[in-house]
Amino acid sequence: MTGRNLLAARAAAAFERLYGEAPAGRWAAPGRVNLIGEHTDYNDGFVLPFALPQRTVVAATPVDAPLWTVWSEQAGEQITFDGTDAGKPGQVTGWGGYVAGVVWALLDAGHQVPGARLTVVSDVPPGAGLSSSAALEAAVLTALADLGRIDLPVDDRPALAQRAENVYAGMPCGIMDQAASIRCRAGHALFLDCRSLALEHIPFDAAGAGLAVLVIDSRAPHRHVTGEYAARRAACESAARALGVPALRDVTTDGLPVALARLDDDVVRRRVRHVVTENQRVLETVALLRAGDVPAIGPLMTASHASMRDDFEITVPEVDTAVEAALSAGAYGARMTGGGFGGCVLALVDADRVDAVADAVTAAYADRGFTPPVWFSAAPSAGAAALP
Ligand code: ADP
Ligand code: MG
């Protein structure tokens, strides 16, 4: 049995132990990483996530009353909530809020939602920037939609899961995480236009090119993330206002020199340069992947990192060290992924160099006295689905 099947078996075994019967079904939804396109989402720009092999599995059975009983292996507890709780955003707090949020968002959209018993098991590391929260929402949403035979087109699902997180759980986040967890396809990255919400599956067959994507959790302690995020966002919005455009998406690379000349604050100028060049790097990455030239995206990844480090100033010594060590050990490209101030680093490496590059990063960490990194290599995987 593979690790993935084990996860599904664990969800079903827990279900039988807790509820004394086999579940009606099992559903899985993955975590994600963003290949390139950072801090572009709220500027109406482009992102390019792919789904991880790590997934959250939900086993579930409908019940006749508007009552939800949910056990999570990771949380180590069982919670219950009813229709009244699910009707009031914020009523269920903690991890259960993500589950109640999905019920709320479905009800709020006018759907009949079946009560249910659920168990949740996951191998998506929580809080590492790999979007375990969206994996949980997507798995629960897919399960409830199937159990209730809810007519909910897959196109509409990411926004619904996002509302669960934004409105019910009270976490402001863009739509990328939910779109990736629900819509990604194996062997592909998901090219998402955050303005139109148009999406396209872009072939990303790293393994076919003899390559692997190494995901390195920097283990950096999160520092001031919320305040820094708000400051970056405010700088981008004020720059767009000063330039008279709806969003920085509307500044092209050709128009960048003129735009920069119109801004008088050097920090804001650098923030704008990051967003505009990052959008362009996403477009160039998509073009290279469409042409099947996977190794050629490496320099774009590395340029993205330099832009986040020097212009957007959202990296920390741990992630800079991981990127430098990976590049020195022969990676085609490497960059921090996620909102910044920690989180994970991606490195594009020859498949037979995964261990060597990971060892080089571990050694560089040891030299600087950082908490040892953890890493895995990730093939672009499938989005949310029922399990056989
Ligand atoms: P990320 O989504 O990057 O992993 P978040 O802070 O957005 O980080 O979400 C992590 C939170 O999501 C956890 O603290 C927990 O509340 C919830 N969560 C994710 N996966 C599970 C799970 N399997 N069981 C219970 N709660 C989970
Ligand atoms: Mg999250």
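Along the chain as shown, residues are numbered 1 onward.
Cβ coordinates are placed from backbone N, Cα and C, and glycine is handled just like the others.
Heads up, TrEMBL stuff is auto-annotated, nobody curated it.
Features of the protein shown, as given by TrEMBL:
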DOMAIN    14-62  domain 'Galactokinase N-terminal'
SITE      Arg32  site 'Transition state stabilizer'
BINDING   Glu38, His39, Thr40, Asp41, Tyr229  substrate binding site
BINDING   Ser72, Gly127, Ala128, Gly129, Leu130, Ser131, Ser132, Ser133  ATP binding site
BINDING   Ser133, Glu165  Mg(2+) binding site
ACT_SITE  Asp177  active site, proton acceptor
DOMAIN    287-366  domain 'GHMP kinase C-terminal'
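Shown on the structure are the features that TrEMBL records.
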| residue | record | Cβ contacts under 8 Å, 6 or more apart |
| --- | --- | --- |
| His39 | substrate binding site | Arg232, Cys236, His274, Val275, Glu278, Met308, Phe312, Ile314, Gly339, Gly340 |
| Thr40 | substrate binding site | Phe46, Val47, Cys194, Arg249, Val275, Glu278, Asn279, Val282 |
| Asp41 | substrate binding site | Val47, Gly174, Ile175, Met176, Cys194 |
| Ser72 | ATP binding site | Trp95, Thr119, Val120, Val121, Ser122 |
| Gly127 | ATP binding site | none |
| Ala128 | ATP binding site | Asp217, Gly343, Cys344 |
| Gly129 | ATP binding site | Thr337, Gly338, Gly339, Gly342, Gly343, Cys344 |
| Ser131 | ATP binding site | Gly31, Arg32, Val124, Asp177, Ala180, Ser181 |
| Ser132 | ATP binding site | Gly31, Thr56, Ser122, Val124, Pro125, Pro126 |
| Tyr229 | substrate binding site | Gly339, Gly340 |
Practice item. List those of the binding-site residues Asp41, Ser72, Gly127, Ser131, Ser132, Ser133 whose Cβ lies under 6 Å from any atom of ligand 1, in sequence order, or write none if there are none. Key: Ser72, Gly127, Ser131, Ser132, Ser133
Review point. Among the recorded positions listed here, Glu38, Glu165, Asp177, which has the most company in the form of other Cβ atoms within 10 Å of its Cβ?
Key: Asp177
Exercise for review: Round to a whole number and give the Cα-to-Cα distance in Å for the pair Ser133 (ATP binding site) and Glu165 (Mg(2+) binding site).
Suggested key: 8
Review point. Given Leu130 (ATP binding site) and Glu165 (Mg(2+) binding site), what distance in Å do their CA atoms have, once rounded to a whole number?
Key: 15
Practice item. Measure from the Cβ of Leu130 (ATP binding site) and count the other Cβ atoms within 10 Å, all protein chains considered. Key: 25
Review point. Given the recorded positions Arg32, Ser133, which one is most crowded in terms of C-beta atoms within 10 angstroms?
Key: Arg32
Check your understanding: Hey, for the substrate site built from Glu38, His39, Thr40, Asp41, Tyr229, who else sits with CB inside 8 A of the CB center?
Key -> Gly37, Tyr42, Asn43, Val47, Gly174, Arg232, Val275, Glu278, Gly339
Exercise for review: Give the subset of the recorded positions Arg32, Ala128, Ser131, Ser133, Glu165 lying near ligand 2, defined as CB under 6 A from any of its atoms.
Suggested key: Ser131, Ser133
Exercise for review: Can you check how the pLDDT averages out over the domain 'Galactokinase N-terminal' (14-62)?
Suggested key: 98
Check your understanding: Rounded to an integer, what is the Cα-Cα distance in Å between Glu165 (Mg(2+) binding site) and Glu38 (substrate binding site)?
Key -> 20
Check your understanding: DSSP says what for the domain 'GHMP kinase C-terminal' (287-366): how many helix, strand, coil residues?
Key -> 48 helix, 12 strand, 20 coil
